[in-house]
Amino acid sequence: MSGALDVLQMKEEDVLKFLAAGTHLGGTNLDFQMEQYIYKRKSDGIYIINLKRTWEKLLLAARAIVAIENPADVSVISSRNTGQRAVLKFAAATGATPIAGRFTPGTFTNQIQAAFREPRLLVVTDPRADHQPLTEASYVNLPTIALCNTDSPLRYVDIAIPCNNKGAHSVGLMWWMLAREVLRMRGTISREHPWEVMPDLYFYRDPEEIEKEEQAAAEKAVTKEEFQGEWTAPAPEFTAAQPEVADWSEGVQVPSVPIQQFPTEDWSAQPATEDWSAAPTAQATEWVGATTEWS
């Protein structure tokens, strides 16, 4: 598909990105129409997709998108969570119309609906999950592009891009590659320089993981503030408190005099000691006298 042009050939960096994201890994099932895109089959039953065919169909899809004069006439759809963020980023980069989440039936066929649209091109993430927009596109003669896995049905799909459409990294990378090629063919960005947008922005992130990362970052910030307060704040305080230490040492001598006089005078004159000593002596004499009477 790229012909003899070296500019359109797949670079080594692109191959490494595909392999790192697992784009070449298909499923254990194979549709008969996807056999032409299969390279080999692993011992565990997983089919390996030919990345050369993936790159050729990616360029063909980019050419079809660029051929649309108004970018808003291109509808990009993803009902699965793994592709919703990528679809929104693709639409922001290329000017397409995104539909992330549930697709309202009748959007392409029911003119009474408030959300009725008449796009000129449709791009979906998964033909199996996005079967409703593909079916409606067939009613209105709408050309379609789809990211297809080894077991994806190709009914109503005009341009199938073979890839792994189950993994979050693979789906995000494919939408990133497609957006980059569209911008390159339009002349918005140059092929000589790398695109400043990273593929990580197109990856799906679990909300729970985002909350955990935010909590960890907040805890780290609190600990940093505590350490900075312990090591930096006391330095000026010690220098300012030095003259106060001399004042406290001088003031200790004043309350020492009444503390010594108060307990010594109270406890010195106590007649209680004489009373307690006299009481047992009197009792002793009485008991002695009693014993003499019995005798």
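Numbering starts at 1 and runs along the chain as displayed.
For all residues, glycine too, the Cβ spot is worked out from N, Cα and C.
Annotation for Lys89 (SUMO2 cross-link): same-chain Cβ neighbours under 8 Å, separated by at least 6 residues, are Trp175, Trp176, Ala179, Leu201, Tyr202. Annotation note: Lys89 (SUMO2 cross-link) sits in a helical segment as assigned by DSSP. Taken from Swiss-Prot, the feature SUMO2 cross-link covers Lys89.
The N-acetylserine annotation in Swiss-Prot covers Ser2.
DSSP assigns Ser43 (phosphoserine) to coil in the three-state reduction, outside any helix or strand. Same-chain residues at least 6 positions away in sequence with a Cβ under 8 Å from that of Ser43 (phosphoserine) are not found in this chain. Under the heading phosphoserine, Swiss-Prot lists Ser43.
According to its DSSP assignment, Lys52 (N6-acetyllysine) is helical. Every protein chain shown contributes to the tally, and the Cβ of Lys52 (N6-acetyllysine) ends up with 15 other Cβ atoms within 10 Å. Per Swiss-Prot, the feature N6-acetyllysine maps to Lys52 (among others).
Annotated N6-acetyllysine per Swiss-Prot: Lys89 (among others), in sequence order, evidence recorded as a large-scale study or a structure entry.
According to its DSSP assignment, Thr97 (phosphothreonine) is in a strand. Long-range neighbours of Thr97 (phosphothreonine) (same chain, six or more residues apart, CB within less than 8 Å of its CB): Ala72, Asp73, Val74, Ser75, Val76, Ala91, Arg117, Pro119. Under the heading phosphothreonine, Swiss-Prot lists Thr97, citing similarity to another entry as support.
Here Swiss-Prot flags 54-113 as region 'Interaction with PPP1R16B'.
Swiss-Prot lists 161-180 (among others) with the feature region 'Laminin-binding', giving sequence analysis as the kind of evidence. Away from its own ends, the region 'Laminin-binding' (161-180) comes close to residues 14, 17-18, 20-27, 34, 37, 49-50, 53-54, 57-58, 61-62, 65, 82-83, 85-87, 89-90, 93-94, 123, 125-126, 145-150, 152, 189, 195, 197, 199-204 of its chain (Cβ-Cβ under 8 Å, at least six residues beyond either end).
In the predicted structure, the region 'Laminin-binding' (205-229) carries a mean pLDDT of 75. Annotated region 'Laminin-binding' per Swiss-Prot: 205-229 (among others), in sequence order.
Per Swiss-Prot, the feature region 'Laminin-binding' maps to 242-295 (among others); the stated evidence is sequence analysis.
The annotation region 'Disordered' is assigned in Swiss-Prot to 266-295.
Under DSSP, the residues of the region 'Laminin-binding' (205-229) split into helix, strand and coil as follows: 23 helix, 0 strand, 2 coil.
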